[in-house]
């Protein structure tokens, strides 16, 4: 090798360049600069522009697909989170004597619906309810910032981009519109109709939103990928736990208790809808003949609770235990 002539070394150089990888890093790619017929000209290896992600050949390609059913279910879950929290804190701070809770619930629903509509209309392609997206292939697609390569272990090539475009950033845009619309609509409504509340209590549901929106933003920023894969199971667990807590706190024991108070019936149906949403998200309804019968299990936890509540009442257990001694 040391005795090779300069001409042989010059001829060996192109071969050495050819065997080098086209682009280092899991998410680094080359941008297409120009297309001349079937010949493409590429730029340097680096970060892909927004709305693009790398293909198998490390070339940045535009996202031309559309979200599949599971992607829409994920976006629906992220859209429901602020709405459910709004309803919870409105109910928590409205008080028993206040008659404004229903209007505040409807206003929160209007705010989140308008925010979702505006977010979809402003997404690419603008003016349409359809959005173009890149497919989610694996968990690391959500955390491209963790896969920036360091070829010489000194210099880092920054290739962080939204490989799951737009599932990551569209949630932040939606939360921003929710917050803006809440600040525009809710204070005026609460000031006029919340007469049954004290001056310091009527705005507490709005103050609560100013706390949970930053929490939701951090949750999406840090755990967006984990939520994408786990949200169906989170819905199922939370719907079961909150339903059991609500029915025990409200001392619901028989079916007549639900029929007498319509509010409890509304809460029960809301939990059933969430439970059905979780089942649909897990099954994705790929095989309707197998997945649709699973929805028959939605009322099972509530029915089981109502049928067994009278046997697990603490006062009855204590009295029977005392008689036994």
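Each residue, glycine too, has its Cβ placed from N, Cα and C.
Quick look at what TrEMBL annotates:
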TRANSMEM  72-90  transmembrane segment
TRANSMEM  102-122  transmembrane segment
TRANSMEM  165-185  transmembrane segment
TRANSMEM  206-227  transmembrane segment
TRANSMEM  233-252  transmembrane segment
TRANSMEM  264-280  transmembrane segment
TRANSMEM  292-309  transmembrane segment
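Note on the transmembrane segment (72-90): residues 101, 104-105, 108-109, 111-112, 116, 167, 170-171, 174-175, 178, 182, 204-205, 208-209, 212-213, 216, 220, 227-228, 231-232, 235, 277, 280-281, 284 of its chain, located 6 or more positions outside it, place their CB under 8 angstroms from a CB of the stretch.
Panel annotation: around the transmembrane segment (102-122), residues 79, 82-83, 86-87, 90-91, 94, 128-129, 131, 170, 173-174, 177-178, 181-182, 185-186, 189-190, 193-194, 205 of the same chain, lying at least six beyond its termini, place a Cβ under 8 Å from a Cβ of the stretch.
Listed stretches 206-227, 264-280, 292-309 were compared with the transmembrane segment (233-252); the greatest number of C-beta pairs under 8 angstroms is found for 264-280.
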